[in-house]
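To start, the structure under review is shown below, and the notes come after it.
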There are 2 protein chains.
Amino acid sequence: MQEVLTGKYGEDSKLIYDLADQGGEFLSLRYDLTVPFARYLAMNKISNIKRYHIAKVYRRDNPAMMRGRYREFYQCDFDIAGQYDPMIPDVECVRVVSEILTSLNIGDFVIKVNHRQLLDGLFEACGVPSDKFRTVCSSVDKLDKSPWEEVRSEMVNEKGLAPSVADRIGEYVRLTGKVDLVEQLLLDEFLVAESKSARDGLEAMKLFLKYCTLYGLQDQVSFDLSLARGLDYYTGIIYEAVLLRESIGVGSIAGGGRYDNLVGMFDPKHKNVPCVGVSIGVERVFSVLEARIISSKTKVRTTEVEVYVASAQKNLLEDRMQLCKELWDADIKAEHSYKHNPKLLAQLQYCEEMGIPLAAILGESELARGVVKLRQVATRQEIEVQRETVAEAVRDLLNKINEQS
Amino acid sequence: MQEVLTGKYGEDSKLIYDLADQGGEFLSLRYDLTVPFARYLAMNKISNIKRYHIAKVYRRDNPAMMRGRYREFYQCDFDIAGQYDPMIPDVECVRVVSEILTSLNIGDFVIKVNHRQLLDGLFEACGVPSDKFRTVCSSVDKLDKSPWEEVRSEMVNEKGLAPSVADRIGEYVRLTGKVDLVEQLLLDEFLVAESKSARDGLEAMKLFLKYCTLYGLQDQVSFDLSLARGLDYYTGIIYEAVLLRESIGVGSIAGGGRYDNLVGMFDPKHKNVPCVGVSIGVERVFSVLEARIISSKTKVRTTEVEVYVASAQKNLLEDRMQLCKELWDADIKAEHSYKHNPKLLAQLQYCEEMGIPLAAILGESELARGVVKLRQVATRQEIEVQRETVAEAVRDLLNKINEQS
């Protein structure tokens, strides 16, 4: 229902797709997986859960195919919901992102982190009225794509901040570092004296970075005061993963944070369940991996077929079908031509193109002698095996080929 | 775009979800995966491909949760596109369905098959005007849920068939059998003399059933003249898989057929690519499996956690985090409490509830001695291992437990 999404996304709400009214129901397509997850927890009265979810979301935005930005795209979300001690689930989410990106072998990355309470405290200390915190957050969030001068101009001219206020924000949001930056800011008289929220945020960040080190994440995590995240619902730690060297400009490939007040918006008694989670942009990851595969000119197999059943003469379709059945029954991935009388050369060329390691070649004289030829496609080596034990022989040969490579 | 879907689904078109006009674009949600697949082939000029696709589709229908019928649900489609010899890809689709249903261990099933050309020929022979073939097809398709009398009444009163025509159809659409029924119908003077289409359809069915036997499908396939499939786009063989014993009334759990003219509807020059495919209803399969799990009272693990890192005293959070990191680095699925100071009993109970096979218990005195306790949760057997080699010891113990079970 449309009302599920209303008032959850702030300035991004204009990107929601609505459905036509075809009978009195006002529906929208989901914008992300976080809001539906929060609604699910509230509706089913679930007070703790850890889960992942891969599914499509929809945004009425300008697509950029090459950079993996679509209107209909997949997200992979991982969330931990429940009343727990500070920062323990929060740092696990970062570890999960780190493991995923490392195992994808997608290249060096950094996970930028910041804290909404620190940002709010910073805005407070700089003199931003509290009803403008979220909209100023949206402006700060653009710093990854726009220079400070543009963001400052938006703050002053569109959001109505005094130029001096914007300038004070600007001094902070360009800072990045590690735990030493947290220590330095904790000694910053202006920030810490003016705002309890900033102090709390910094203390939380200090604990978070300590846990990051325990989980082996110290080199991948960067404390970055320009990270703001556009969405309204975050209440604590926020993160965003970016690749250090990628040429196609996908931007961040994962992002998330803590959202402790979202579940309560769907509960009749406004009972909250604290949550923290992260979302990976599947198409962005694919775009980067695809660009890498193309530039490295490595060949990627598009099927897992292990053996191709070929025929050397005409009228052997039924023999091919019979052998395929036996191979399938033995859990071997087999395929044969969909043509009645395919040419042998065409069949063997297909094996080479598709990278199929083995061909089982049926011939009249061989069948008369009760044997079948097995051909290693790469080496063109051929052996004869008994017709009754082809599946076994194929399995042995595949194991041998796998060991060699 | 809406026009992609228009005119492809016949009487079911009323179930398409349209999007609101938010800026001059007329969009709809996809109704199935077949029409988008055909559009994809045409747009990318692909003349042959074999692929599967699991994704959501949307129908503005009355949901029935218990029977696995939703408005938003997953289909798993498998299709073979390309100009090939008759019935070879068609029978492979049946083999794929059979392998999937068998490996899911979902219970005995039958795959009903029929042929659109035979149905059209039957309608022709019985005297149905050709512009009513598709709408009469829709009526016949209801025979799996409604008695013949109701379907007959729809044909006569709503579709305008003469009662005698409907009665002649009724004599045929209640027939089911194997290849002997095909042979019998090929000798049926009325049908075969009146319609070339019926004869061609029967010859095609004969070939199809021969190939089914070669692929070992003879016991699972049933020739059923009442099978019609509601959708307009089928042109040849049609199939539908139903479970023989299931109590929740999901209906068919897979269906499909040949659609040789759909790709041409998206090609500027109307160039066709012959296709055959099958679609599995994912939620229906899940409903049946879930009902079976519930009735069998077997416990299903909801996570794959292999080892739980527990602490016997307070203030060991950082030690737990450190050990988890080491286990994760060694590709072992590990978890620990999100609380600072959890009670040991609560931690061990959690392991039992979640079916986690192993617990690594950290204690102050053990850590002082450089050891960690490993506890088999099921047997409560405990051993001590060196702190530096916990990951290795866990791996060995997990292998031992797996071998025993």
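Here the Cβ of each residue, glycine as well, is placed from N, Cα and C on the backbone.
No curator has checked TrEMBL annotations; they are predicted automatically.
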*One of A:ARG59, A:ARG95, A:ARG174, A:ARG199 listed by TrEMBL as binding L-histidine at the site of A:ASP32, A:LEU33, A:THR34, A:GLN75, A:ASP79, A:ARG229, A:TYR233, A:TYR234*: A:ARG59
*List of residues, in chain order, with Cβ under 8 A from that of A:TYR234 (L-histidine binding site) and at least 6 apart*: A:ARG116, A:GLY257, A:ARG258, A:TYR259
*List the residues of the same chain that sit at least 6 positions away from A:THR34 (L-histidine binding site) in sequence and have their Cβ under 8 Å from its Cβ, in sequence order, or write 'none'.*
A:ASP77, A:ASP79, A:TYR233, A:TYR259, A:LEU262, A:GLY277, A:SER279
*Per DSSP, three-state class assigned to A:GLN75 (L-histidine binding site)*: strand
_Spatial neighbours of A:ASP32 (L-histidine binding site) that are distant in sequence (at least 6 apart) but have CB under 8 A_ = A:VAL57, A:GLN75, A:ASP77, A:LEU231, A:SER279
*On the 0 to 100 scale, where does the mean pLDDT of the domain 'Anticodon-binding' (A:306-396) fall?*
97
_Can you tell me whether DSSP puts A:THR34 (L-histidine binding site) in helix, strand or coil?_
helix
*If you draw a 10 Å sphere on the Cβ of A:GLN75 (L-histidine binding site), how many other Cβ atoms land inside?*
20
